[in-house]
Amino acid sequence: MLIEQFICREDNFGVLIHDERSGYTAAIDAPESKAICSALKRRNWTLQTIFVTHHHHDHIEALAELKQIYKAVVIGPEAEKEKIGHLDQALQPDESLFFGTHTLLALSTPGHTLGSLSYYFPQENLLFSGDTLFSLGCGRLFEGTPAQMLNSFKKLRQLPDETLLYCGHEYTKTNALFALTLDSHNQKLHQRVEDVFLLRAKNAMTLPVTLGQEKATNPFLRWDDRTLRKNLAMEKETDEEVFAEIRKRKDNF
């Protein structure tokens, strides 16, 4: 499977996935028509499908135009069907489906929105998490609760370390600075921060990243880490309380 990643709008990631065997191409979300069409033209691909992660405007703005141009089939969460509009196929939580010759799972990951989906290709170890899991970060809880987002992160943390993560926004540099405020003695985090700053200095993208790297450095995936809990002075609190505190601190960062 081939992947084309590019920037849309200001900091949205545009992502195209292409199955070489079938010739099928899909977009993960539809943040900007011009950027997506340019990427398709650059690769000489034709868009057949759009997988929507959630209903926020910066992820669905180009749906109508892309449907008109390519007659693409739009697939997304049943729970947000009315808010998204343009859906041709509505998915139930954790439903499995095919893209070309590949199987994918529409993992239910509520928190950022109540119907948020993360698309996981188990055979290829690819995860497209939308605005749920960011590199070194976590989506804001616009609709869900800390408990819901924690359960979503527990689900994602179970995926293999070699899984490649693609997410919805280039927020990694800011997330890295926040992570250091909580986990300053984490040498793996310091190395990751250095790498991120070097990439951004060249205006290069910081994704994809392996889930293993995220498990070792992303504070939102480390709610049960003893050192992090000690740094938060929350050694005896519940996982939910720790996760909620990290999210609260990020909101105020």
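Including glycine, each Cβ sits where the backbone N, Cα and C put it.
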ASP58, HIS59, ASP131 bind Zn(2+) 2 per Swiss-Prot; candidate in HIS18, HIS102, HIS169 listed for that same site: HIS169
Rounded distance in angstrom between the Cα atoms of ASP131 (Zn(2+) 1 binding site) and ASP58 (Zn(2+) 2 binding site): 11
All-chain count of other Cβ atoms within 10 Å of HIS56 (Zn(2+) 1 binding site): 22
Conformational class of HIS56 (Zn(2+) 1 binding site) under the three-state DSSP mapping: coil
Protein Cβ atoms within 10 Å of HIS54 (Zn(2+) 1 binding site), excluding its own: 29
